[in-house]
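Colleague: Once you've had a glance at the structure underneath, I'll fire off some questions.
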Amino acid sequence: MEGNKLEEQDSSPPQSTPGLMKGNKREEQGLGPEPAAPQQPTAEEEALIEFHRSYRELFEFFCNNTTIHGAIRLVCSQHNRMKTAFWAVLWLCTFGMMYWQFGLLFGEYFSYPVSLNINLNSDKLVFPAVTICTLNPYRYPEIKEELEELDRITEQTLFDLYKYSSFTTLVAGSRSRRDLRGTLPHPLQRLRVPPPPHGARRARSVASSLRDNNPQVDWKDWKIGFQLCNQNKSDCFYQTYSSGVDAVREWYRFHYINILSRLPETLPSLEEDTLGNFIFACRFNQVSCNQANYSHFHHPMYGNCYTFNDKNNSNLWMSSMPGINNGLSLMLRAEQNDFIPLLSTVTGARVMVHGQDEPAFMDDGGFNLRPGVETSISMRKETLDRLGGDYGDCTKNGSDVPVENLYPSKYTQQVCIHSCFQESMIKECGCAYIFYPRPQNVEYCDYRKHSSWGYCYYKLQVDFSSDHLGCFTKCRKPCSVTSYQLSAGYSRWPSVTSQEWVFQMLSRQNNYTVNNKRNGVAKVNIFFKELNYKTNSESPSVTMVTLLSNLGSQWSLWFGSSVLSVVEMAELVFDLLVIMFLMLLRRFRSRYWSPGRGGRGAQEVASTLASSPPSHFCPHPMSLSLSQPGPAPSPALTAPPPAYATLGPRPSPGGSAGASSSTCPLGGP
């Protein structure tokens, strides 16, 4: 009976234990002493996810199946170590060169280079705004007495320094010149300075070159300037100039600004001024101008100014034809009656071309017109569109610039710079500079109210020029700019043969007699040279499409592969990480099942089995060996079979006939 049971056990198919790694699957042979039939191999069960059991197997599989050129040579030449080493070094060098090129391409992309695209367009053009000034600072009736007093003090100063006197306003009599000079703060002085450190020969050449303008000053020892101090007189300096002309003009300008600051906001004298006092004739596209085509304002240094075709014009001028006859033509009065000779030393007019929504900065962009000359100014329009963001530091409308726009116009870099200086002036000096707009509730600078504003202003001007105020850094360039490239031509006007009838007609038409014929008039023509205008636009030099194309070209150059090869490389890296993780997991588990802890582990297993209820089935010795850490058992069992007699039923201690127990070995055979 027992023999029959043993034969049934031998004829049962062996159990198999699947492993964790690929290729780790085993088949157990029958344990019977004499198998009745050959053992049939059991089909391996394929797992959903299988991994290679070693790095060597992984690299061999990759090199045999990848589409990357040269990788298969590492496997095909494995029996020749020299070839294997050669191809390995070549493959690694090629791989390194490719990724070096990749680094250059990514570096170029993240530097955000731009390309300049130039397009030539042709269409009807909006005529720009034109501002023209008289170059004649105005003597306001409201401050006439103060200006006359300043003229008398200036003449006395020139007489004391240069022995020069030509004005008819000089006051002689009981009031001495010294008393007259003492009535004005910050007097102009002649200051002794040490000789220059370089040789006397160089000093003599400098002195001789400057002595013509200032005959009373020895330039080895003297300079002209005026003293400025802070509020408590603890710090003072001299604002000096090497030229007496520059010193007198700047000193006069400084006092003139203080007088202008006392004017009220609105002046009736400015409203009474009309265009006919300055412009004899005005035509655009052969049509006469009218009062609705211009606006008037006053500049402290350039006098009365008129802006044609500005944003206040309801119908902006359009140019549909180029040429001198299809633009703006003006006949100007260039005489300077009732002018301020110490403030303005030139005659003629000053003109500037700008956009409709831009203020006219006559100091920055204007140029002068000569009397007795016809000036023809041809224009060519250009637009520039910059890229913002990572590609360039520009602003669209100035809303992201930390400077308040004090001008009633759109954002430009000049508007921002002047507003920034005015903000610094108000913050440091406590008053506003009269040449720039001011915020509400802020007064213009006047040494009667702000005694040290001149000291603060000239110090601030030095910091502004050296960009210590940060205005040039804060004020970014606008992303969209429209400019006009100007070129001027000059001709004598009127000619000798035509000047008689021209002056006669001008005098009768305007009820004005030209005293000095040629020096009293000027003419200017402003027109488009051509209707073709150039558009300069920036575009990214390296886009994402260009970057991917360059990367693909480099990959094909060094490996002759495609984008699927990149996926293969990603799969290789993923498999490497998985194998590394599994090896670390094995090492982590082996720390708790190390040989030094084997006795303790066996005791724990024995106690667990002893405390468990009896079972009718015994685990296979191979499964027990696999459940314990250590080297995997051999697929073929060479040890003798266990004692089968011990597997028979034994009577229970209680003598129960139906109960049976079995004794199972914990280890292998």
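A Cβ is built for glycine as well, from the same backbone N, Cα and C atoms used for every other residue.
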Colleague: C282, C289, C305: which one closes the disulfide with C133 in Swiss-Prot?
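Modeller: In Swiss-Prot, C133 forms its disulfide bond with C305.
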Colleague: Going by Swiss-Prot, which one of C416, C420, C429 is joined to C471 by a disulfide bond?
Modeller: C420
Colleague: Looking at 440-444, 590-594, 640-644, I want to know which stretch Swiss-Prot calls motif 'PY motif'.
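Modeller: The listed stretch tagged motif 'PY motif' in Swiss-Prot is 640-644.
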Colleague: If you draw a 10 Å sphere around the Cβ of C229 (disulfide bond), how many other Cβ atoms fall inside it, taking every protein chain shown into account?
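Modeller: By my count, 15.
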Colleague: Translate the DSSP assignment of C236 (disulfide bond) into the three-state scheme.
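Modeller: Assignment for C236 (disulfide bond) reads strand.
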Colleague: I'd like to confirm something. Which of the disulfide-bonded residues, C229, C282, C394, C479, has a Cα closest to the Cα of C305 (disulfide bond)?
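Modeller: Nearest in space to C305 (disulfide bond), counting only the disulfide-bonded residues, is C282.
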Colleague: Within 10 Å of C429 (disulfide bond), Cα to Cα, which of the disulfide-bonded residues C133, C394, C416, C471 are there?
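Modeller: Of everything listed, nothing lies within 10 Å of C429 (disulfide bond) (Cα to Cα).
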Colleague: Just give me the nearest neighbour of C475 (disulfide bond) among the disulfide-bonded residues C133, C282, C394, Cα to Cα.
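Modeller: Nearest by Cα distance to C475 (disulfide bond): C394.
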Colleague: Per DSSP, C416 (disulfide bond) is which: helix, strand or coil?
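Modeller: The residue in question, C416 (disulfide bond), is helix (DSSP, three-state).
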Colleague: C-alpha of C456 (disulfide bond) to C-alpha of C133 (disulfide bond): distance in Å?
Modeller: 30
Colleague: May I ask for the distance between C236 (disulfide bond) and C445 (disulfide bond), taken between their Cα atoms and rounded to an integer number of Å?
Modeller: 19
Colleague: Count the other Cβ atoms sitting within 10 Å of the Cβ of C236 (disulfide bond), across every protein chain shown.
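Modeller: Here the count is 10.
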